[in-house]
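Single-structure report; data block below.
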Amino acid sequence: MPFWGLQKQLGIDVDSWLVRQSMPQPYSQAGVCHAFEREWVECGHGLGQIRARRECQLEYEDFMEC
């Protein structure tokens, strides 16, 4: 985690498109499935694709069900 948000200070958006519901929402309310998507992304962060598919299957299924 950076000490300051350089992208925010410069007004650029490089990586928020990676997460479907991370973009600004109408009326500043998060999407219905945002919590499930966030859990899935946090689970798989730093594991690698193959290991994350195996270990985060439950979070992914919850996200897809939502």
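We count from 1, first residue shown onward.
Glycine too: its Cβ is placed from the backbone N, Cα and C atoms.
As annotated in TrEMBL, Cys43 shares a disulfide bond with Cys56, one of the listed residues Cys56, Cys66.
Counting neighbouring Cβ atoms within 10 Å of each of the disulfide-bonded residues (Cys33, Cys43, Cys66), the lowest count belongs to Cys66.
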